[in-house]
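Trainee: Could you have a look at this structure, given as structure tokens, before my questions?
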């Protein structure tokens, strides 16, 4: 590692700060009605987001910013194994929690968290370590590494599919695909990986009735207006009523117990209603800027591991953001994934801030500004 540290990439930091502050405002607005009804306090969600998401996220993000990133490579395998253990724990009675027909949460004492959110970073770290060793391999040796790579992805995918969490599985597959491409893999391997991932997702859609129904609702939202199509219809109503400039912050009406998960998965719909097309455009511009400067950090990273790691982190955040937004505006089936930095959810915010800490860490060793 180059010991001549430079200042971190402050643009990524500024973008993150803007997104997080914006998220707190939107969680306060979107969650006020349901907070008042369920907990008799309008700021319950906002308070929780700060106490269980922002504060621990800032602390852990700073630790990972200061910790030499090569420690992550050294402990990549143990991190991966612990992550797999956490994914398995959701199926253990008394530890795993079920919500909406899915086993995605772990409950230990007063602590609830989603292991798949935590495992995203562990998965990316391990893949970066695995792929970082393939840079100088011959084509034949690369062929031999493809099978272990597919096995790693398959084991991870199986555990997430069993929850089931098709949206998160899609993020894992697309992120793995992007990292494999960033690792300068042969084109034929990239094509094989893409075909395998697409086939797996298509198969799962037909295996799980609720996933197939979501695809059918996407094609015809009117077939289940009070059932599976309800959330999508309410999201589209919110977007349509927002117009170009929006109704104004806190002035939206769909969040008043019409729109499911208004502060969580559907927060983009509240943004569209209250801040309009212009507000959505500004938010998208911030995510595009995050992607641009994140990939710039990857491009200028000092070694293969950090290049793939920075690229993987950037791609996971951008992929998740655009999957969330695309689902809410009706371009793809609803997925249940959060909008990074913005949606209500302590686990998601903590993991996102740790990811930014790692990105800033790598940027200190940039070979070029």
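Just so you know, the numbers here start at 1 and follow the chain as drawn.
Just so it is clear, glycine is given a Cβ too, placed from its N, Cα and C backbone atoms.
Among the features that TrEMBL reports, transmembrane segment is placed at 12-34, 54-72, 79-101, 113-131, 143-160, 166-183, 190-208, 275-295, 307-335, 341-362.
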Trainee: Does the transmembrane segment (166-183) reach the transmembrane segment (275-295), going by 3 or more CB pairs under 8 Å (6 or more apart in sequence)?
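Mentor: They are not in contact.
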Trainee: Given a Cβ distance threshold of under 8 angstroms, which distant residues of the chain, six or more beyond its ends, lie next to the transmembrane segment (190-208)?
Mentor: 146, 149-150, 153, 157, 161, 164, 166, 169-170, 173-174, 176-177, 180-181, 215
Trainee: What same-chain residues lie close to the transmembrane segment (113-131): Cβ under 8 Å, and 6 or more beyond its ends?
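Mentor: Sequence-remote neighbours of the transmembrane segment (113-131) are 72-73, 76-77, 79-80, 82-84, 86-87, 89-90, 104-106, 145, 148-149, 152, 156, 160, 163, 165, 168, 171-172, 175-176, 179-180, 183, 185, 304-306, 308-309, 312-313, 316, 345-348, 351, 354-355, 358.
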Trainee: Below 8 Å between Cβ atoms, which of the listed ranges 79-101, 143-160, 275-295, 341-362 makes the most pairs with the transmembrane segment (307-335)?
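Mentor: The stretch with the most close Cβ contacts to the transmembrane segment (307-335) is 275-295.
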Trainee: Do at least three CB pairs under 8 A connect the transmembrane segment (54-72) and the transmembrane segment (275-295), leaving out pairs fewer than 6 apart in sequence?
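Mentor: Output no: the transmembrane segment (275-295) is apart from the transmembrane segment (54-72).
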Trainee: Do at least three C-beta pairs under 8 angstroms join the transmembrane segment (341-362) to the transmembrane segment (79-101), pairs 6 or more apart in sequence?
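Mentor: As far as Cβ distances go (cut-off 8 Å, pairs 6 or more apart), the transmembrane segment (341-362) and the transmembrane segment (79-101) do not touch.
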Trainee: Taking the transmembrane segment (79-101) as the reference, which of 12-34, 54-72, 143-160 gives the largest number of Cβ pairs under 8 angstroms?
Mentor: 143-160
